[in-house]
Amino acid sequence: MTQTDRDAENGRDREKDREKEQQRGVKRPIMPAAVPEPVQEQIQANFIVVIHPGSRTLRLGRATDTLPISVPHVIARRHKHPGQSRYEDKCLLREGLNSADSNEQRQNGLKMVDQVIWSKKMSNGVRRTPVSAEQARLYNRQIRPAVLDPNSKVSWTNTSHHPEYVVGEEALYVNPTDCYSVHWPVCRGRLNLHSGSGGSLSAVMMDLEHIWTHALQKLLQIPLKDLKYYRCILLIPDIYNRQHVKEIVNMLLVKMGFSAVVVHQESVCATFGSGLSSACVVDVGDQKTSVCCVEDGVSHRSSRLCLAYGGSDVTRCFFWLMQRAGFPYRDCQLGNKLDCVLLQQLKESFCHLDQDISGLQDHEFRTRFPDSPVLLYQLRLGDEKLQAPMTLFYPAAFGIVGQRMTSLLHRSQGDAEDPHDEHFLLTTQSKQDQSSKASADRKSFPKPSSFEGESSVCEVSDRSSLGQDLDLGHSQAECLVGGAETEETPSALLSRKTAMSQFEGKALGIDKAILHSIDSCASDETKRKMYSCILVVGGGLLFHGAQEFLQHRILNKMPPSFRCMVESVDVITRPKDTDARVCVWKGGSVLACLDTTQELWIHQREWQRFGVRMLRERAAFVW
């Protein structure tokens, strides 16, 4: 056999071996699936839905809409079994009001409010005319309602066809005698989980899905089968529950069928909606108040603060004050949802924060309920209209005892679906810091030539100990996380721990919360920016005179060192002359049109494959 024949034979053998390997398959190292880079594509804004879920009101609309559609965030579900007990989430009542110390705390809080009212003069330099509740009560007790119309032309929601559920305004007007339970799925900015009927996570998520799909179909005229062509921008609180956000995103993408989702924070979107680059954002909602410092589209984590009170607490306090003044509508009950709607309207109509309005004034209001005549009431009030909104600055007057009223941002508890979370990063960073420090120490230590052998032994020992360090158990990992936290500057760590222990146990007034939030910023320049622009959004502080009142309190309480640095303290309560209640939603619609938003979209297939990891990779804030 010639050399040429042998080469040809060897070539055929190699080809056969290659075919056998292909048939058997070649073992390759298993690489973890990488999160894909966001795809740049042209998106039409009229196919983007912006959703802002509040505790009391759901606001949603297309990004091209001028204003959102507002719907009461409530659902009434038909009982599944005959004789099932009726359950109803309360609108104005809450835990902590029935404590033995509640009344005393409320009275002490109102005394502080009265002292502030009497201590401040009116703009003309004259002190306010003192008015006692007894003066108003003598008049109001004599009032009897006048019948304007025997038929109110308001009817209960028709449930004769036994719908499984009704939502929004219809849910408010379900007859209490019907076999329906009423649920508000969001409470104080979080999912309303409780031990009662309909309080499980799955039940609350079902309520959310039904309310939102109803609003999309009936109010935005978007068929559910077309949601695969739409995208969604979800606005969440600054201090959020990660598990709740994860469940809502899963509902939007998997159950409802949106093609993609962007999740962003309310405070940042508030600055977008008001056209500001930097501001201390104060969001006074119905059940919670959030304070956060935003700079160039970034929310400072250390400045986030959530107060567990809002406009509904002011409404309840206003009702107590009116009762003390002989409120003529004597059948009014805080447990009745229609009475709560009436009290909310009275608060918005009568209350103010204008020190120049003093003395007794006469008012009138109407009641219009199903199966009842339209009644006209006369009402005389004095300082009650000023006292009620001032409780936002003296929350002890709410009489809430035994509840955590202030929340700061806590470290993530981790998620089983996202192993490379904050805990992992902190642990890795700590180990890298320790390793680099040890290496630097070895390099800086002089090594005599006579001990070269020992030096090599020491290096081997160091490497082996480092390998053991990488195999730390769970408890050791927790220690490292804590150690990483202490690697922060001692002053920052001390101030954060002190703040948590000092403030979470008691209720802060809005002005004190603003001062604390700004003081948590890292630099004096950032603090100066925040003092210069305080943006108030939400519907809880929409009172006449609120802008001047808040500005006066901030100026009086801000640190003296900043008074010369800050040219003026601007408090903005009506950004661009728009309704402060829709400012956050407007910011979401602006976000939909930004070029940088292209990088934030989480697509349905990506979510199904990678899950909550996508929020960490794509969210515009630190997840």
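Including glycine, each Cβ sits where the backbone N, Cα and C put it.
Taken straight from Swiss-Prot:
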- 1-29: region 'Disordered' (REGION)
- 1-24: compositional bias 'Basic and acidic residues' (COMPBIAS)
- ASP283, VAL284, GLY285, ASP286: ATP binding site (BINDING)
- 428-458: region 'Disordered' (REGION)
- 428-438: compositional bias 'Low complexity' (COMPBIAS)
**Item:** ATP site shell beyond ASP283, VAL284, GLY285, ASP286, criterion: Cβ within 8 Å of Cβ centroid
**Value:** GLY54, SER55, GLN287, LYS288, THR289, SER290, GLY310, GLY311, VAL537, GLY538, GLY539, GLY540
**Request:** Would you mind pulling the DSSP three-state label for ASP283 (ATP binding site)?
**Result:** strand
**Complete:** Cβ neighbour count (10 Å, all chains) around GLY285 (ATP binding site) is 26
